[in-house]
Protein chains: 2
Amino acid sequence: MTYRLLLVDDHPMMRRGIRQLLELEDDLQVVGEAGNGQEALDSLAELQPDLILLDNNMPQMNGVETLKKIRERGFTGKVLLFTVSDAEEDVRDAMRFGADGYLLKDMEPEQLIDQLHRVLQGQMAISPALTSVLAQALRSPQGPSQADLTDRERQVLKMIAAGLSNKMIGNKLGITEGTVKVHVKNLLHKLGLRGRVEAAVWALEHLR
Amino acid sequence: MTYRLLLVDDHPMMRRGIRQLLELEDDLQVVGEAGNGQEALDSLAELQPDLILLDNNMPQMNGVETLKKIRERGFTGKVLLFTVSDAEEDVRDAMRFGADGYLLKDMEPEQLIDQLHRVLQGQMAISPALTSVLAQALRSPQGPSQADLTDRERQVLKMIAAGLSNKMIGNKLGITEGTVKVHVKNLLHKLGLRGRVEAAVWALEHLR
DNA sequence: GCCGGCTTACCCCGAAAGAGGTAACCCCGT
DNA sequence: ACGGGGTTACCTCTTTCGGGGTAAGCCGGC
């Protein structure tokens, strides 16, 4: 079994280096390269990669955003974030959007090979330096607790959980639908949720 | 306080009769008439009625459908179905879509007046002949119990409750998004729910 | 054999949702 | 006096939802 890899990085030299490194392994085949997120998305259907190695620091669309869109297209293969930064929010977002790992670029080449194999076999790959960040995230999995919600947001959230549409909520509260959408937007972001359905579930579990 | 009424009926003579009857009451003012559901919807904003008396048997859009659209527009006043038929499904649907009552046209004029006043004071108005139908509906408020769901529908429902989009569900099940939408559509209808948020709540309460 | 239910897939269509952005207003604390 | 958070309202934009329809294939019962 040889695995099909797609490299996504805006630095051609970096892609060159990684490609050379990986092709020393006879079970890893680099079937494509992309210089930005859009190229990666466009080539997905054609290349059918098993794993996408995704640089996070790219202009226009960064790695996490690209990951999000990749998953939205229904890609079920592995996606590995590969970056120099260790921004906590990026790590958390990457996990939320279904990344199979988050590696820092300062690692040894041999370790990268190892981690790729781990991921291809279904395991997670996290750079050791990020374990503390991850632990932090685990300590409060959905932690904002609701104390972060304003009164208005809690009110809107309850109505979401009652199955009301934004328009209906607006009518009940005497505000426009647009304003309700603002509250929904903010509340989803504060709670780290991805839609009103998750919000409803969250409300049932955390709100009286 | 005089209440503003809107009459919706496709028979001009019927409107005339009702209008004459109602205007004998000095607290009831007929501010508009509509010959079909669309006219009623178009005149809502301008007329700002307190109560809409809605015939159910109309061409194109029947009373229940009109009621649905009226509520979708955020109308919070009273809406009273007024019809010759006693179709059980219509009665149930009318209640689900927020009707304030369901009256049969064979009632006495004085009783209509009475019922209108009751509704305007916040009570429900149901023709006595319909109480058995209503009782039937109450016996199984959300009754289908889930036995009516197929395996596939239950599977989809669980994923809805997990916050997944139709596209994501399709990917997980290896079917197209379109097919998922069919399952969602059918399952919502079977359970008498009005959207995936209500479905999620229902699933949390009724499914393991 | 045929019929009915389930699953699948497609079509069209309008409405709802959610992500961006700007901006005004109020109120409270520094 | 200024800044900041909260609420409100508007804008554009893409995606998602949900209802309506048709239809094919499969399977099981009568």
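Backbone N, Cα and C atoms are what each Cβ position is placed from, and that goes for glycine too.
Curation does not apply to TrEMBL; its annotations are automatic.
Listed in TrEMBL for this protein:
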- B:4-120: domain 'Response regulatory' (DOMAIN)
- B:142-207: domain 'HTH luxR-type' (DOMAIN)
- B:Asp55: 4-aspartylphosphate (MOD_RES)
Q | Neighbour count (Cβ, 10 Å) for the residue listed as '4-aspartylphosphate' | A | 25
Q.
As a quick check of your reading of DSSP, tell me how many residues in the domain 'HTH luxR-type' (B:142-207) are helical, how many are strand and how many are coil.
A. 45 helix, 0 strand, 21 coil
Q: Could you break down the residues of the domain 'Response regulatory' (B:4-120) into DSSP helix, strand and coil, giving a count for each?
A: 53 helix, 27 strand, 37 coil
Q: Determine the mean pLDDT over the domain 'HTH luxR-type' (B:142-207), rounding to the nearest whole number.
A: 86
